[in-house]
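Report on one structure; see the data block that follows.
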Amino acid sequence: MQIGKYSLGDPIAAIATALSPAALGIVRTSGEGAIDLASAIFSKPKKLKEAQGNSILHGWVLDPESKKEVDEVTVCVYREPKSFTGEDSVEFICHGGTAVVLKIYRLLIENGFRAAEGGEFTFRAFANGKADLTRAEAVNEIINSKTDINIELAAGRLSGNLFSGIEEIKHELTAVIAAADVEIEYPEDEETSQGAFSPDLILRIIEPLKDLADSWAAEKIFIQGAKVVLAGKTNAGKSSLFNALLKEDRAIVSDIHGTTRDWLEASLNFNGIPVSLYDTAGIRYTQDSIEAIGVERSLEMSRNADLILYLCDPKDILSAGSLNKDDSEFIKNAKAPVITVITKEDLLDTESKEKIKEILKAEKIAEPIIISSKASNGIKALSEKAYSVLAKNTGSSGFSKTASLGSERQRDAVQKALDVLQTAYQNSLEGFPLDLIVEDLEEALSFLGEITGEVRSDDILDKVFSGFCVGK
């Protein structure tokens with residue numbers, strides 16, 4: 001059976017672990033006849049063929065042609081329907097050397113298995129009713145998780161909280177459609193139809209659906225991450241802060257102006273938000289053509305940032321009694337939220353710090369975070385402030401612990417359902433014929449079905465599973 005680019009039933013095999021030296025490697029199989037086919041390369045073929053589901057065997061992988069031992073392995077046996085894919089399945093757990101993992105995989109391919117497509121195991125779990133699309137997508141979320149919060153969000157969807165939330169809304173929407181159908185079928189039977197349908201019934205569905213749509217805005221930054229740019233004039237301390245946040249010496253630190261001529265990138269997280277952090281060239285006019293390119297890149301990256309940490313040298317502010325005009329204009333005109341960071345805190349006394357705060361307040365710039373990258377003072381406060389700004393910018397200070405969305409695809413489907421329901425609600429208030437309103441309600445129900453996979457197309461399935469790695 002063929003669904004989109006995937007077929008069902010035929011035996012497939014894939015390497016499920018990274019191809020690099022490791023303690024263990026896993027080669028997995030699934031499909032009709034998988035147990036019998038796998039027994040052809042196992043030292044105890046009869047035991048494997050007769051093994052019960054959810055059992056483990058110990059033995060060797062043998063090359064059927066040369067009869068030579070390949071590796072000592074543990075074999076996990078699953079019988080349909082009680083497996084991840086819902087099919088018979090065998091997994092070989094071997095030593096994790098690249099050559100031995102590839103050898104076992106090639107032996108399986110030579111003995112009747114087909115190479116699996118990316119995401120094909122999870123697709124089969126979906127097609128065989130072992131998981132809906134929200135759970136299938138959650139599998140990929142967990143694989144790609146970068147922080148504990150990523151894992152927590154994905155685990156909630158994997159456990160079925162989004163599926164349950166959608167099913168509850170679909171149940172309520174189905175009841176509204178049924179109520180409208182009663183009035184359509186029995187317009188003159190007051191005892192049967194009167195009061196069965198009202199616009200308020202639609203409104204009661206719109207509200208939780210709005211909350212669900214809003215959950216993506218609040219959560220996507222925890223899933224997709226944020227782009228945080230360190231900006232400021234030369235020698236403001238950007239590279240020192242870059243190193244301090246990473247807790248390693250990645251960027252060259254020098255008193256020479258224009259040392260950083262291009263951007264550096266590193267990954268970290270601010271209290272659970274995955275961040276791509278960029279150290280950029282100092283912003284200044286320069287006749288050095290190479291440095292000028294770096295400056296332009298700094299400005300471009302700042303325009304595309306989710307958050308800018310704009311660094312200022314306190315000596316310049318104190319000596320001038322004001323913030324440099326270019327710095328002030330950058331902070332006030334930036335498209336992204338800006339946290340003003342005053343560096344070299346270890347060189348400032350209390351009076352100087354308060355003076356700087358007063359100067360910035362007079363120029364209507366939010367209170368800065370004052371740090372010392374050298375002494376690590378203020379770094380924690382800066383990280384917490386960055387988290388607060390990034391989370392607030394999504395419209396939430398955290399994330400939903402109940403049903404919540406985990407992908408753009410899910411958000412788009414919810415928004416389409418919401419748009420149709422709002423139209424239906426408005427039309428019902430204006431007295432449109434009920435049969436037209438029911439058409440809108442049924443369309444909304446179809447959009448919600450796309451989220452769980454109850455309503456599906458090849459395009460939807462390709463969109464969901466194309467991002468999966470081979471072996472999952």
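For all residues, glycine too, the Cβ spot is worked out from N, Cα and C.
Record features (Swiss-Prot):
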type: BINDING; residues: Arg28, Glu91, Lys130, Lys472; note: (6S)-5-formyl-5,6,7,8-tetrahydrofolate binding site
type: DOMAIN; residues: 225-391; note: domain 'TrmE-type G'
type: BINDING; residues: Asn235, Ser254, Ile256, Thr259; note: K(+) binding site
type: BINDING; residues: 235-240, 254-260, 279-282; note: GTP binding site
type: BINDING; residues: Ser239, Thr260; note: Mg(2+) binding site
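Taking the centroid of the Cβ atoms of Arg28, Glu91, Lys130, Lys472 as the (6S)-5-formyl-5,6,7,8-tetrahydrofolate site, the other same-chain residues with Cβ within 8 Å of it are Ala16, Ser30, Ser83, Phe84, Thr85, Ser89, Phe121, Thr122, Ala125, Gly471. The Cβ of Glu91 ((6S)-5-formyl-5,6,7,8-tetrahydrofolate binding site) lies under 8 Å from the Cβ of Ala16, Ile26, Val27, Arg28, Thr29, Val75, Cys76, Tyr78, each of which sits 6+ residues away along the same chain. Lys130 ((6S)-5-formyl-5,6,7,8-tetrahydrofolate binding site): 18 other CB atoms within 10 A of its CB, across all protein chains. The (6S)-5-formyl-5,6,7,8-tetrahydrofolate site in the record is lined by Arg28, Glu91, Lys130, Lys472, and its two most distant CA atoms lie 18 Å apart. The two recorded residues, Lys130 ((6S)-5-formyl-5,6,7,8-tetrahydrofolate binding site) and Lys238 (GTP binding site), have Cα atoms 50 Å apart.
The local packing around Arg28 ((6S)-5-formyl-5,6,7,8-tetrahydrofolate binding site), expressed as other Cβ atoms within 10 Å of its Cβ over all shown chains, amounts to 26.
Under the DSSP three-state reduction, Lys238 (GTP binding site) is assigned to helix. Sequence-distant neighbours of Lys472 ((6S)-5-formyl-5,6,7,8-tetrahydrofolate binding site): residues of the same chain at least 6 apart with a C-beta under 8 Å from its C-beta are Ala16, Gly118, Gly119, Phe121, Thr122, Val139, Asn140, Ile143. Confidence annotation: the domain 'TrmE-type G' (225-391) carries a mean pLDDT of 83 in the model. For Ser239 (Mg(2+) binding site), the number of other Cβ atoms no farther than 10 Å from its own Cβ, over all displayed protein chains, is 24.
The sparsest Cβ neighbourhood within 10 Å, among the listed binding-site residues (Asn235, Lys238, Ala281), is found at Asn235.
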